[in-house]
Structures are given as C-alpha cells and as structure tokens.
Amino acid sequence: MAAATTSRRGPGAMDDENLTFETSPGVEVISSFDQMGIRDDLLRGIYAYGFEKPSAIQQRAVLPIISGRDVIAQAQSGTGKTSMISLSVCQIVDTAVREVQALILSPTRELAAQTERVMLAIGDFINIQVHACIGGKSIGEDIRKLEHGVHVVSGTPGRVCDMIKRRTLRTRAIKLLILDEADEMLGRGFKDQIYDVYRYLPPELQVCLISATLPHEILEMTSKFMTDPVRILVKRDELTLEGIKQFFVAVEKEEWKFDTLCDLYDTLTITQAVIFCNTKRKVDWLTERMRSNNFTVSAMHGDMPQKERDAIMGEFRSGATRVLITTDVWARGLDVQQVSLVINYDLPNNRELYIHRIGRSGRFGRKGVAINFVKKEDIRILRDIEQYYSTQIDEMPMNVADLI
C-alpha cells in the first residue's frame, strides 16, 4: 500500500489527501515535476499550463509510463489523468522523428479532442504534433494531417481503425498505446474495434489503461495484451468524490420529473448545471419542453453533427450557456470546471456510469451537488449505487440552494 497522497496546488487544485492508492510494490511517489526526470522544455510547458505540483495519480503513474512499463492506472474524473497522459506521451515521443509514435484511444470524440488540446498546450515548447482522429470530421483533413506527419494520434476506435486500414495512419513507429476510459472502451461495445487496432500495432508495444472504474472482468482482459503491468489503483469504496453532496427526489410518475425540474430552476441559483437523460429522444423532448416554458437550455447527444457538438461544448466551456441537457456522451472525462450541479433526470442504466456523471460536479475538489430523480421502481437501482460506492444518498432538503 502506497503512502497517503500529497495534494496538488494550483489552478483547479484538488485536495488529494483522502485518496488511498493500492499500488504495485515498488511504485515511487514523486512529489514534484522536477524530480521526474522530465526534459526542461517540457517542464516549461507544464508550468506554463498552470501546474505547480503533480496530483496523486501523476505522482505515481508518470514515472512507470515514461520508464516503458505497462500500466493500469485507476483514477476518477478530476484527478488530472488527461494531463498525466499528455505529460507522459510528450516525454516519450522523439519529436525529431515525424512519425506516429503514440496512439491514444478514447470512447468519445469530445474526450479525444480534449486530450489533443491538453497535449498541444503542455507540449508547446517541444513542438509536438498531435492530431485528433475522430468521426464526424472530414476524412480528407485526417489524410492531410497524417500524411504531413504527426507524433501522436488521439482518436476514437472506429476512425482510427479506418485510417489504419486505408494505410493513411502508419503504425510501424508506434511504441505506446493508451486506452483512456478503459472500462468504457473494453467493457461496452468497443472491444472488437480495440482488438482490430491492436492487431496492426508492432509487437514490442507498451500498453497503458486509464479509467475511473476497472471492474474485475476488465482487469482479467488486460492479461491478453499487457506484460507484467504496474497497477495504480484507487480503492473502490473511495471512488465517491469528496465534496459532492448527493440527494434524491422521489417522483411518483415520469411526468412529475418535468415539474420537479421547473421547481428546482425557480429555487436554485446555478452557476452551471448538467442534466442527464438516458436516451437521445429524451434529451430532444426535454430540451423542447424546457424552451417552450421559457427556460434557456442547450442540448447535446451523439446524433448531432460534430460541428454542432463542438459549438455547444465551446459555449458551455466558456460559460456562455449555463444549462446543458445531454446523454452519457458527455459523462466521461470532459473538463468543464464551473459545473456545480448535476441532475440525473434519469438514473443511469448501470452503476458505473453514475460516478462519471457525478464526477462532473466537483472536479479538482470544487464542491458540487448531485440530484437524482427517482421513481418507485428506481429505488432498487439507487440502493445498489449506494452499496457499490459505499455512499449515502439522502432525500433532498428544502435548503438545497444554500449547498450549491
């Protein structure tokens, strides 16, 4: 068992001291970026980006990754895992060689694009070339960028596989494969695409998996393509985010959820909020109904054109829009710091999605409130979530506005 963590301070600082990591024997805790053996021009980029001290997961995972080890790193949203990936990749890549050397796969276009942005920012002084290879964007642009030469591809499995099969994305120089949100990638529909990509990669390959939740069956699967991985794990019981107050509102019927939501709008002053529905159709229906009742909301789901999704994300990220209604496409790892309230209009279809949704409301230690709308038949799901995460979800108090 590794020692308790040292907290990171700086923009979006998180108090890490309550996180306890279960790590492989011999994993060092490196308390400063300067001690990691990172090149000077990369350090400049890290500090320019606003980091002062590594987060708990960064303190443990960066050194094994840049040393060439296979790594399974479990870290919840908001612990700095995207910047950990970016930092490690920037250190490993030889920028003098204009070939793809690292491939990062993510379950959503938005997460892949965010990884590209963070890596370009951190790697600014080393002139790293990164391309987000994602569906919904022009194949012609992918072909142009890849033929011009990039060091890193951050992409979604479908588009990356397509580019490899077209022989536009050449894999001969790839030495590092990173699967971000590995539970989503391997456990829920992406497994075949991952294996398709993996078959085209060189045999001497370093593989890293990073995710907020790593169920037992996912860990078993890693034995197929990882060699003696270093494990850096958060105890499951501690995956509930500190500082997030979780409540439920009992609603007798589905129709009552809408009235409850309107009541909350009247009583809460919200900086920014995300409302989750389980289906795209429900997102469209709720958005239309809210707007017809003179509430200003934006909406996003996977059927929308990529350009429209980018515009909506940009507006929400900048604070131009305050309330976003969405499906779980938004729930995994997207970095919008101002979100103070998450409403689960529908409880998620599985308990592991719950933490990805709730993680939105308290990133890097920001306090947050999560409110779950619960019908009678949902009580069992709610209790299952409570038990799984060893947490307590209380009935929403009258003074909930004071907690946001």
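Quick reminder: no glycine exception, Cβ is built from N, Cα and C everywhere.
Between the stretches 168-171, 180-183, 292-295, 308-311, Swiss-Prot puts its motif 'DEAD box' entry on 180-183. In Swiss-Prot, the feature region 'Disordered' is placed on 1-20, out of the ranges 1-20, 21-40.
Here the motif 'DEAD box' (180-183) has, by DSSP, the following mix of helix, strand and coil residues: 2 helix, 1 strand, 1 coil.
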